[in-house]
Structures are given as structure tokens and as C-alpha cells.
Amino acid sequence: MDIAVIGSNMVDLITYTNQMPKEGETLEAPAFKIGCGGKGANQAVAAAKLNSKVLMLTKVGDDIFADNTIRNLESWGINTTYVEKVPCTSSGVAPIFVNANSSNSILIIKGANKFLSPEDIDRAAEDLKKCQLIVLQLEVQLETVYHAIEFGKKHGIEVLLNPAPALRELDMSYACKCDFFVPNETELEILTGMPVDTYDHIRAAARSLVDKGLNNIIVTMGEKGALWMTRDQEVHVPAFRVNAVDTSGAGDAFIGCFAHYYVQSGDVEAAMKKAVLFAAFSVTGKGTQSSYPSIEQFNEYLSLNE
């Protein structure tokens with residue numbers, strides 16, 4: 001295995017709307033879509049579509065969504081040995097609202113994701129030890145995330161933490177044990193309490209976390225691209241301009257693609273450049289996983305735009 005994704009899966013309930021209703025108001029929305037999502041599953045699918053060998057640890061509910069989620073993961077070649085159903089529990093769901101500017105707002109109901117435990121990681125230990133990178137998010141219990149970080153460090157496996165959704169109670173001492181810490185602008189603002197309205201503000205906020213001990217921070221910044229910072233260097237990868245249709249899952253697209261190319265090459269900057277292009281491709285289509293390109297589509301896209 002190349003990559004282990006330990007985290008969430010969700011059923012995306014996507015509403016496309018020109019405006020959000022006020023309290024007590026009913027509005028008609030022009031479109032609705034159901035898809036497979038969740039930050040963990042999105043990142044796993046993005047990497048798998050690029051032909052990474054991916055192992056997924058997650059929990060699904062005891063409902064109509066569960067089998068579809070498992071089939072979807074398997075359809076992309078993801079190892080689902082440790083995707084388990086939780087009896088008498090709903091699957092995680094994510095109502096997503098996409099506005100006229102193609103920006104999105106998301107609510108999550110964790111459902112079965114809450115039951116992914118440190119013990120699940122221990123049960124998968126022998127297979128996890130074969131992976132080169134562990135990818136984590138914060139849509140599961142923090143104790144599970146912390147245990148996964150410790151597992152990676154104990155066994156010499158690199159760890160990437162995507163602190164999404166941002167939780168102020170995140171113990172940054174664990175984040176500092178990770179090889180990569182990958183927030184977006186909003187998450188960076190919440191975690192630091194610092195403004196992120198300009199590029200210089202983002203740099204300052206990122207630097208504040210590096211000064212606290214982070215090894216590598218990569219901030220995804222949408223139309224501003226991505227920023228990689230360590231104690232000794234700083235690299236800005238500009239965004240590739242496209243006509244965005246739906247930005248849902250773009251950050252996950254970046255992380256899945258980055259994970260794939262980093263594991264292949266060990267070159268952070270080169271992996272970032274490809275991940276920025278992969279994320280740009282993803283926002284030109286509707287949905288999350290459904291908007292991610294296959295390896296063939298992405299190679300063609302790279303040949304035209306690199």
C-alpha cells in the first residue's frame with residue numbers, strides 16, 4: 001500500500017442556490033445532487049484515481065447509504081477491509097450549499113464516523129505498517145487522530161494532518177509530530193486567531209505555527225494557490241485560473257493529489273504544483289469525488305497546462 005486514509009466518509013447532500021433563505025423564509029433552489037463524500041473518503045478517492053494504492057479506515061452506518069459508500073470506494077480500487085458498519089447508527093451526512101459564486105458552506109453530521117476508534121487502528125496495524133503515508137482529518141474523534149499520529153511516529157510512517165473542520169481544542173503538540181499540516185485559510189484563522197484576509201497575513205499566521213514547532217505547513221488558499229512553509233524556507237505555488245462551477249471538495253482534491261505525488265517522488269514543491277492543478281480541474285465540475293479527474297484525464301490536463 002502507498003497511502004492509508006484514516007478518517008471520515010459522508011453522504012453529500014448538495015443544494016445549488018442563488019441565495020440562502022432567511023429565518024422563516026422558503027425559497028426554491030435550482031438544483032440538488034447526492035454524492036459520496038466526507039473529507040477522508042474524498043482524499044482517498046482523489047489519490048486512488050491517480051493510481052495510488054489506498055487503504056481506508058472508516059465507519060459507515062446501518063442504513064441505505066452504507067453499501068453504496070462501500071461500493072463507491074471499491075470501484076476506485078480502495079482497500080475496504082477496515083470499512084465497517086456500525087449497527088443502529090446512521091451514516092455521516094453533509095448538507096452542502098453552493099451559492100451563485102460557486103462557493104460552498106457545509107454542515108456535517110458525523111454519524112457512524114464518531115465510532116472510529118484507536119482500537120480500529122491497532123486492529124489494522126499490520127496493513128498500516130506497509131503504508132508510506134497516513135492521511136488524517138478531524139471529522140472523527142480526536143483521540144483516534146492522536147493515536148494514528150503516534151502510530152505513524154512509532155513505525156516510521158509519515159503523517160499528513162488536514163485540520164478540517166478546524167477545532168480550537170486540537171492539541172498542537174500532536175500537530176507538531178506530523179510531517180505535514182495542511183489547513184485552508186479559514187482553518188488557519190480559527191487555529192491561530194490571526195487575520196488571513198491578505199497574503200501577508202496568511203504568511204504571518206502560518207509562521208506563528210511554524211514557530212510553535214510545526215515541521216511543514218501547507219496552506220491551501222483557493223484562487224491564491226498554496227503556501228508551503230518550514231523553519232528554513234517558504235514557497236508559494238500560484239493558482240491556475242479556471243471558471244469555477246463548484247468548489248466543494250477542492251481542498252480534499254489537493255490533499256489526495258499531493259499525497260499521491262509526494263509518495264511517488266518525495267518532492268514537496270513538485271507535488272504541490274500538481275495538486276494545485278488537480279484542485280483547479282475539480283472546481284470546473286459539480287460535486288466532490290465526481291469532479292476529480294482520472295489519471296488519464298489529469299495527464300492530459302497537465303500536458304496542456306504545466
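Backbone N, Cα and C atoms are what each Cβ position is placed from, and that goes for glycine too.
From the candidate list N184, N299, the residue Swiss-Prot records in the ATP site shared with T220, M221, G222, E223, K224, G225, G251, D252 is N184.
Cross-referencing E139, E143, E150 with the substrate binding residues that Swiss-Prot gives (M10, V11, D12, G38, K39, G40, A41, N42, D252) picks out E139. Cα of E223 (ATP binding site) to Cα of S282 (K(+) binding site): a span of 13 Å. Rounded to the nearest whole angstrom, the C-alpha distance between N184 (ATP binding site) and K39 (substrate binding site) is 13. Look at G285 (K(+) binding site): DSSP puts it in coil.
Between the C-alpha atoms of S248 (K(+) binding site) and M10 (site 'Important for substrate specificity'), the distance comes to 13 Å. A simple Cβ count within 10 Å picks out one of the recorded positions M10, A41, M221 as the most packed, and that one is A41. When the binding-site residues M221, G225, G287 are screened for a Cα within 10 A of the Cα of D12 (substrate binding site), the ones that qualify are G287. Ranked by Cα separation from K39 (substrate binding site), the binding-site residues G225, D246, G285, G287 are led by G287.
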